[in-house]
């Protein structure tokens with residue numbers, strides 16, 4: 001079992017990565033400090049629950065916990081205020097009190113939704129992340145929880161740290177290939193922003209990663225989580241440096257919003273966004289080779305780097321205006337300086353972004 | 001102008017109490033650190049907005065701010081997830097960004113709702129409380145923000161401190177008498193929990209307070225806010241001692257929930273709850289004189305201390321089971337030991353509470 005600590009003072013917590021961890025989840029809850037007398041709420045979705053929910057409930061009950069569960073429809077559409085309210089109703093009816101905790105058993109949608117439930121139920125109760133996708137290695141670490149508003153993604157949320165992240169690699173075995181690649185987009189992102197060597201390692205081990213080789217995957221997730229933990233340890237509430245984790249996300253979120261959440265998978269959308277950021281870098285005078293290398297890496301990981309022609313540039317620009325990174329009238333972008341190094345550029349011109357969008361839609365070379 | 005500081009480390013903030021403060025609200029926003037480039041959202045209600053909103057908007061605009069406003073229907077029914085979503089939509093459409101702030105211009109309902117908007121919009125933006133009721137001297141200090149769930153009051157929320165509380169006494173002049181008395185319930189509560197002298201002072205100055213005499217009222221609000229600030233300074237997230245502020249609230253919230261929010265005003269409900277706590281104290285062996293003195297004080301302030309006979313004891317008990325203070329299977333009550341001193345009793349028997357409810361419904365002496 002691999003173990004990492006996210007260092008946030010009194011809100012520090014461990015991430016455990018390994019095989020067979022679900023079997024001991026009851027003991028982990030005790031280690032996390034959850035009281036046996038107070039009911040636990042497990043939130044999962046229609047993809048994950050049939051495979052793992054019973055096992056989790058059994059382990060929790062054998063450790064003396066009362067368990068209520070709420071299974072949401074799989075997919076980004078469930079990250080809504082309406083579903084949030086349904087989960088809260090289950091929590092109230094299940095008798096959750098101020099010593100209770102919420103366990104998020106699933107991918108990023110489950111984690112974000114269940115996390116906002118945990119953050120706001122009775123003004124905040126216990127929380128554990130049990131990610132079952134590769135993508136969730138990113139969203140389950142760092143305490144960003146949220147639901148979507150019809151006008152913008154992740155608009156309602158909180159910074160709310162879990163007490164523990166439990167990553168059972170066995171749950172990844174049944175992921176469909178597109179989900180695997182989508183998850184690897186956030187993995188390689190951590191290399192692109194801070195660790196050149198790791199980024200090229202991902203490219204070199206793309207085949208093993210796509211085949212879910214346990215050794216390669218375990219290392220990639222550990223390294224990805226460790227980079228993320230390092231960044232948020234220095235800037236929990238995203239006042240500054242934490243924003244580098246948003247590489248590719250401004251364009252990526254706009255793609256998701258315009259396409260309707262769910263047309264592109266999240267990792268696919270941010271892969272296109274990362275290609276866009278590299279194009280923006282070239283526009284701002286950085287080496288075009290950054291773009292070429294970024295596209296090579298993403299392509300090796302079976303990820304898209306171009307935007308289908310039916311996407312409207314105007315709609316994408318409009319969606320970006322609602323993005324949280326549109327601060328005080330100017331656009332902020334995370335722009336690569338090299339592979340493994342990025343800058344936060346806060347006065348990007350909308351016209352440059354608009355041109356990048358056009359380039360992303362061009363066939364062949366963007367130049 | 002009176003001024004108090006709520007001491008919470010890096011989240012410390014000032015409370016200003018005085019006349020004519022609304023005129024300078026633009027300058028206060030600058031003092032609070034809100035950026036002129038980012039839009040401000042003023043949330044108010046149908047009672048308060050016609051009187052003060054234009055004045056507030058004018059002051060903000062003359063200080064260089066862009067302002068969007070959202071006026072909710074006055075009343076507890078607006079503290080819902082549905083109205084919360086409407087306010088969020090206004091915020092998005094108004095272009096609020098991460099440097100924006102929400103100003104709550106109104107009573108407790110506006111403050112709680114707008115506070116949860118500020119706490120969750122883009123995971124938290126700036127927040128200022130501008131209370132326009134006496135009751136809100138309590139809710140505007142301390143950072144508890146929330147909306148109601150149909151099954152329980154204040155179920156969804158956060159601990160989220162404002163950057164400033166601006167208390168313009170001029171806004172209290174038009175309060176209806178029932179609202180004045182309701183507000184004074186929380187004022188005298190602060191005496192009952194921690195300041196015997198202040199509690200009797202309230203009783204002795206009941207007539208001036210009910211007549212909104214500026215000198216008496218200014219002192220009462222300053223003292224009430226100061227006691228609250230002292231308590232929360234030691235326990236921001238209610239892990240322990242802060243719970244004493246809930247004197248009267250367990251029964252009070254149940255009365256509000258069963259009667260339908262709005263039948264009794266909040267202060268009226270907790271006045272009955274405080275009488276109930278004093279009855280519980282007697283049941284647990286404390287001096288009956290505590291009850292007699294509590295009832296005298298509340299009566300002097302034109303507040304109810306008895307429960308109308310149509311309230312069902314069973315329904316009240318059921319409502320308390322959903323209350324946040326029902327922790328790990330036992331009931332926790334704040335119980336007076338004397339006037340100006342309370343204890344947190346965490347193993348109160350439901351049967352004792354049930355008997356107290358019956359006593360509150362009896363005509364004449366409860367004994």
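Backbone N, Cα and C define each Cβ position, glycine as well.
Automatic, uncurated: that is what TrEMBL annotation is.
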Annotated companion of A:186, A:249 at the Zn(2+) site, TrEMBL, chosen from A:239, A:266: A:266
Residue A:186 (Zn(2+) binding site) and residue A:172 (NAD(+) binding site), Cα-Cα, nearest whole angstrom: 15
CB-centroid shell, 8 A cutoff, Zn(2+) site A:186, A:249, A:266, site residues removed: A:135, A:138, A:185, A:189, A:248, A:252, A:267, A:269, A:270, A:273
Distant-in-sequence Cβ neighbours of residue A:110 (NAD(+) binding site), under 8 Å, six or more positions away: A:43, A:44, A:45, A:48, A:72, A:104
Among A:153, A:249, A:266 [binding-site residues], residue with fewest other Cβ within 10 Å: A:153
Binding-site residues (A:133, A:174), the one with most neighbouring Cβ atoms at 10 Å: A:133
Candidate nearest residue A:249 (Zn(2+) binding site) in space, where candidates are the binding-site residues A:108, A:112, A:133, A:153, A:174 and distance is Cα-Cα: A:153
